[in-house]
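> Take a look at the following structure, please.
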Amino acid sequence: MSSEASLSRLHINNVRNLHRVRLDQLKRVNVFHGANGSGKTSILESIHLLGMARSFRGGAKALITHGEQDCTVFGALAPGNTTLGVQRSRSGDVKIKVAGAPVRTVAELVEYLPLQVINADSFDLLTGSPGARRQYLDWGVFHVEHRFFEQWQRFQRSIKQRNKLLRRDKMPTDDLPVWTRELARSGEALSKYREAYFKLLTPRFKAIMSQLAPSLTGLELRFRRGWDKSLDFQGALDNSLAVDLEQGYTHVGPQRADVRIQIDGHLASETLSRGQQKLVVCGLKLAQGQLMSEADRGRCTYLVDDLPSELDGEHSALVCKLLASMKASVFITCVHQRDIEAVWPEQDLSETAMFHVEHGSVSQP
Ligand SMILES: Nc1ncnc2c1ncn2[C@@H]1O[C@H](COP(=O)(O)OP(=O)(O)OP(=O)(O)O)[C@@H](O)[C@H]1O
Ligand SMILES: [Mg+2]
């Protein structure tokens, strides 16, 4: 299925300081403004919980209002009115419902409400470990190429098995070549999906960056698949067998893939200013949203926490202009209403709902 356009209703119970919030009149763009500690990020977190069954900050228990046993979020999607519901309890239980019926896995939930988060942690995309960039890339492949998930699962299963064998035996066993072949096949397929997606992503990213930061002409994305370019994956695994046996794990493969983000041949994370880094992060996330809608996979919903931090007015306005022109569904936080009014395109303000957040309560003027 392709995801529907946007969240039209959101009910929150017991997420941090949000005891009971009912939002039945959401628009395409929703702005939550309020003082520090009022509950703005918790609203975005609740949407993340609804779409992914987990928070984007801290563990699940920290999310539940102190003194309560569980938290729940409920949402309806427009235009089809599919409902989603997620409940997490202190005991660790997770209950997920789609259209009123329980679903067993998070994977069955995540395709309904594809989410992109832009917050202070998003800098990890540039400054963090390759894992953050693999996760970014795989999010995109997952939402555009639905056969990807099956390969990803096959790959995870085979690398786990192979590493188990490598840890247990210092000498090759009969099982090892079997699992190595399975790993080679699934890893090769997984990597092909990533590469194909990356090829589509790069030109979109460049086009977006030429609007967001035209002076950064030397920006370059490079995909590293995780093993020697001159070999197929089976060949690379054969070459590293001795080291793998010695150290007890698989050294080469898609689990080591990375996206290098460079400017004029230098790492972007070591060269760009904080504001420039934030623009690159926005560019990367906007490119994925654009690609998704072009691939007719629906639109993704952007959760933007405190957009103005690190960005000057001109650049905040450019990010908002792009979000507005993509017709993306957006949930955005700021301290003062005027912070967003000053930067959001005026002609788009009619599709914008303003909410004031105060001590865990949300009101509309
Ligand atoms: N488990 C919890 N139970 C109850 N309250 C909590 C819990 N976790 C956090 N809080 C409180 O919830 C409130 C809302 O936090 P939140 O991060 O959403 O605020 P915010 O409006 O985003 O603030 P800021 O502008 O500082 O980013 C804070 O006052 C915080 O102390
Ligand atoms: Mg906050």
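The backbone N, Cα and C atoms fix where each Cβ goes, glycine too.
What TrEMBL shows for this protein is this:
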DOMAIN    7-342  domain 'RecF/RecN/SMC N-terminal'
BINDING   Gly34, Ala35, Asn36, Gly37, Ser38, Gly39, Lys40, Thr41  ATP binding site
> Restricting to the same chain and to sequence separations of six or more, state which residues have a Cβ under 8 Å from that of Gly39 (ATP binding site).
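Arg16, Asn17, Leu18, Val357, His359, Gly360, Ser361, Val362 - these are the non-local Cβ neighbours of Gly39 (ATP binding site), listed in sequence order.
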> Using a 6 Å cut-off on Cβ distance, which of the binding-site residues Gly34, Ala35, Asn36, Gly37, Ser38, Gly39 come close to any atom of ligand 2?
none
> Can you list the residues of the same chain, besides Gly34, Ala35, Asn36, Gly37, Ser38, Gly39, Lys40, Thr41, whose Cβ falls within 8 Å of the ATP site's Cβ centroid?
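Everything else in range on the chain: Ser42, Thr333, Val357.
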> Let's check the environment of Lys40 (ATP binding site): how many other CB atoms sit within 10 Å of its CB?
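I get 25 for this one.
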> Are there any residues at least 6 positions away along the chain from Thr41 (ATP binding site) with a Cβ closer than 8 Å to its Cβ? List them or say none.
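Correct list: Arg57, Asn119, Asp305, Thr333.
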> May I ask which of the binding-site residues Ala35, Gly37, Lys40 have a CB within less than 6 Å of any atom of ligand 1, listed in sequence order?
Gly37, Lys40
> Counting other Cβ atoms within 10 Å of each residue's Cβ, which of the binding-site residues Gly34, Ala35, Asn36, Gly37, Ser38 comes out lowest?
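If we count Cβ atoms within 10 Å for the binding-site residues Gly34, Ala35, Asn36, Gly37, Ser38, the smallest count is at Asn36.
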> Could you tell me the mean pLDDT the prediction assigns to the domain 'RecF/RecN/SMC N-terminal' (7-342)?
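The answer is 95, the mean pLDDT of the model over that range.
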> Please state whether DSSP places Lys40 (ATP binding site) in a helix, a strand or coil.
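The residue in question, Lys40 (ATP binding site), is helix (DSSP, three-state).
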> Per DSSP, to which secondary structure element type does Ala35 (ATP binding site) belong, with helix, strand and coil as the options?
coil
